[in-house]
Every structure is written in structure tokens, then in C-alpha cells.
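Below is one structure; the comments refer to it alone.
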There are 2 protein chains.
Amino acid sequence: MAVGIFDSGLGGLTVYDAVSKRLPDVPLVYFGDNAHAPYGVRTADDIYNLTTSAVERLWEAGCDLVILACNTASAAALRRMQESWIPPEKRVLGVFVPLIEALTERQWGDNSPPREVAVKHIALFATPATVASRAFQRELAFRAIGVDVEAQACGGVVDAIEEGDMILADALVRSHVDALKRKMPTPDAAILGCTHYPIMETAFQEALGEDVRVFSQANLVAESLADYLARHPKMLGEGTESLFLTTGDPAKVSRGATQFLRRKVEFTKA
Amino acid sequence: MAVGIFDSGLGGLTVYDAVSKRLPDVPLVYFGDNAHAPYGVRTADDIYNLTTSAVERLWEAGCDLVILACNTASAAALRRMQESWIPPEKRVLGVFVPLIEALTERQWGDNSPPREVAVKHIALFATPATVASRAFQRELAFRAIGVDVEAQACGGVVDAIEEGDMILADALVRSHVDALKRKMPTPDAAILGCTHYPIMETAFQEALGEDVRVFSQANLVAESLADYLARHPKMLGEGTESLFLTTGDPAKVSRGATQFLRRKVEFTKA
């Protein structure tokens, strides 16, 4: 059995990268729904249907454990999937929960009532769609009280990263951090709530200053997964061969992925 | 008879503003399809259907002349509408053509073959959707030869303007101009190919330098319209009362429009 990693596009490759570094012996299957990206502009029903199709495809590929490395799908579809759709022998893990568990210093699956936490002022950096969904604030409210979240919709950053213009991406990140600081001058912690942003983590940290702890989803998801697999060794398969599937044009997606990860990645048709 | 101005959202208010200043005696009806905005993420068929519905509504309101103050609708639907849908007694004017006529120093309706023009290196600033459509380059190729266009997709600028964070919008504009200049160090002219951008014209001009002539759609459309009405006085009605219609929530849209134009605007349900 392999671990499945799903994203609407290429952003989830930062999660793939963090997981493959943290767990080099775990075989991974990446599924990019590039034919239907971006999800941020779709209806919740549409996102639910596309996400469940992709997860079924990953189950067929032998992945009993699937990570939704897509903030939009995690925000719009995961709760509904967990309530009625995922069979007991399968696991689907989103990208918000590990982040919120890290912020609130909880273990995975700790469903105790919300409580006070050390970080009081949190800066959330995410895409306009994720900010508009308010999913992060909702999930956080289940687990923490007395926390003030200020969100900054970082328009343009994903486009600049996908175009490979890192000078522009860096400048845009700094402008968005400045905009956030005009609303919240001294955050305790910052959340990079988009799977593309780990690529810009240094720019975020420098613009925020060294006193602000930056939480990046890719590493937190890799840690959560390592914890979970240590407790559930049966979910683990053999072999270390990774597989990359896409609903889009494999040649085009492979070129984009190779540029995005700065190493050769070969996609095949899903 | 009034002149109709259509946009998917509020950006077209810059065109409304320029027209009402240039032609203070012409009654105007603005139609914002806020319930379906943004158009940038929709299919061409969808945009065609929404745009033709909106234009029909403006015809019902007595506007025989309608301006599509929406780059996405102009790019995706106007040619098709002109080929088979618009009756001979009506006129629909897009926002690309006046711009290209100004660049190529043509009169409206001059359909002679493409020829050499004075500006050789053109910087195009637009939204990611308009840049991806390549509509501007296509229309320009019908009218000019030997022109080099470098496009910069200005992600984040519209969001910042709509949020009212002009400090951020200014910083983003400067970063996008820097990115353009890395690709084209000395443009002759710059085109602001999004109806939101006239609000940031000073920032664009300062970042580009005073030697670069900046073409802004709102003023060019107002000039084209003034020309046209001088030649076709029958299209003109009486009264100066303007009307603002929206498919969205009138209270919410009125608040956004008032912030956007920095003066009181009252929308009613379309």
C-alpha cells in the first residue's frame, strides 16, 4: 500500500516533497486534477464530486490513506466526506487539521472542547478563495478560544510562482505581509495556508521578522503522517517507487512540475 | 434613449465615470452582473449567455447603444454577438477596439489591412484571465504589423482595489511593472487592460517612467463614444438621470460602488 496525495494542481507537490523527505521509505502516489484546476472558483458540490472521484482513483491505486493536499478541497469537501462517504478501513487527512493541531498543541484526534492556547494573534496568509471560505477560522474555533485571526488574501502569489518569476513572487509576498501588518502590527504566529507558499517561506519569515513563528502546512502534514504511520504500521506498504498521475496533459504537467519542484518529475495519465 | 454600460462587476464604473465627465448631458444606465462575477473563470458559452442577457436588459431600459465595459466579455463574446445576434438598429461597443484604434491611430470602423504603427514595444497589464485569453494580441494583429507585445498578468491588484487597500494595490502595481521591465526593459507604450486599473494610473505611470505613454481604457472609450454620438445624434436621448442596476444584492453592491468611486452610488435590482 502506498500513501496517496491529492491536489487540484501542482501546489500539493510541496506536501509530496516534505513527506518524501520525512518518510523516504514510504511509496507515494500523487494525483493532480490539473484538467479541472483551479478549484477556488468552483461550487462546493462540484469540488465534492471532483475530490471524491480523485480519492476513489487513489484507492484503486492501492492508497488506503489519502492526504488532501489542497486547501480548497479540505475546506469545501472533507467534512462532508468524513460524515457519510469514507468507509471505515480508509483514511482521508486534510491540510487544515494538522496545522490547527500544531497551533493548539493537540494530538491528532483530540476532540476535547476548545481551550486557551499560547498564540493569541495569528496572521493567516492564503489565496482569496481560502480566505473567503473562512474554513480555517471555523476549524480553529472548534479547538481554541480567545484567538484573534487576521487574514490576508495574497492575490498574485500563486500565479507568480506558477510562472516561475520568483523575484515577483518575493516582492508580492513582502507587500502582502506589509498589508497584514497594517491590520495586525505584532502577530505571534503566521500560517502559510496555501500549498504553494512553502516555496516562499524565507520571504515570509524575513518580512515578518524572526520573532514570528511561521507554520507551514507541508512539514506539519508530513509530521502528522509520520506520527500516524508509527501508530498504524499496517497502513504501510512496501517499495519506494512514487507515481505521479494527472487528469491533464502529462507532458505539460510534467514540465510544470519539474519547474515547480526544481527536479525531474514524470506524470502519467490518471 | 440612454447609453448602457455593462460590466460583470464594479470595474466598469471607471468607464461610467469617464463617460459621465466627458458627456455630462448623456443619461447613462449601468448594469453590473454582480451575481455572476467574476467572469474570468467562466466558459466562453457561459459568458456569451450572461452578456447577451445583460445587453437585452439594457435594451429594455431604452439603451440602443451599449458599451461592454468588461474586458472578459469583450474578449469572449463580442465578436460572436456582432456576427449574428445584434440587430441593425442597435450598437454594442467593446473596450478593446477603442484602445487598439488609439494605439494604431485609426478612426472607429476603419477596417483597412494591418499597417506599421509608431509604437513598437507595448506593455500590456491585465488580469490573469485576460492575459490568458490573448484577445488583445489577436485584435491588435488585425490592425498593426511589427508590434511586440509583452503581457504581465497582474494578480492581486483587483482584489486589493476591491478591498480598498490602496497602499497594497500601489505596491503590487510597482512589483508587476518591475516584472514586466525584466521581460521588456524599454516599452514605448503601456496599456491598462482592466477596467479597475485607471484607479491606479498614477502608480503605473510613476513606475513606468514619464517616457512611457500609458493608455487607459476608460478615457479612450469615453472619447470613442463622444465621437460616435457627434456623428449619430439620433442615438442620444434626453434627461441626465443615471440609473444603476445589479443582479446582486443592491445594498451590498451600493456600498462597494460607493467605496470604489469615492462618491455615493445607489444600485437597484436589475
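Yeah, the Cβs are placed from backbone N, Cα and C, and that goes for glycine too.
These numbers come from a predicted model, not from an experiment.
Listed features, source TrEMBL:
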ACT_SITE  A:CYS70  active site, proton donor/acceptor
ACT_SITE  A:CYS194  active site, proton donor/acceptor
BINDING   A:ASP7, A:SER8, A:TYR39, A:GLY40, A:ASN71, A:THR72, A:THR195, A:HIS196  substrate binding site
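In the three-state DSSP assignment, the secondary structure recorded for A:TYR39 (substrate binding site) is helix.
The record assigns A:ASP7, A:SER8, A:TYR39, A:GLY40, A:ASN71, A:THR72, A:THR195, A:HIS196 to the substrate binding site, and the maximum Cα to Cα distance across that set is 14 Å.
Comparing A:CYS70 (active site, proton donor/acceptor) with A:THR195 (substrate binding site), their Cα atoms are 7 Å apart once rounded. Sequence-distant neighbours of A:SER8 (substrate binding site) (same chain, six or more apart, CB under 8 Å from its CB) are A:GLY32, A:ASP33, A:ASN34, A:HIS36, A:ALA37, A:PRO38, A:TYR39, A:LEU50, A:CYS70, A:THR72, A:ALA73, listed in sequence order. In the three-state DSSP reading, A:ASN71 (substrate binding site) counts as helix. Neighbour density for A:THR195 (substrate binding site): within 10 A of its CB lie 30 other CB atoms from the protein chains shown. For A:CYS194 (active site, proton donor/acceptor), the nearest neighbour among the listed binding-site residues (A:ASP7, A:GLY40, A:ASN71), judged by C-alpha distance, is A:ASN71. Counting other CB atoms no more than 10 Å from each candidate's CB, the active-site residues A:CYS70, A:CYS194 peak at A:CYS70. Neighbour density for A:THR72 (substrate binding site): within 10 A of its CB lie 28 other CB atoms from the protein chains shown.
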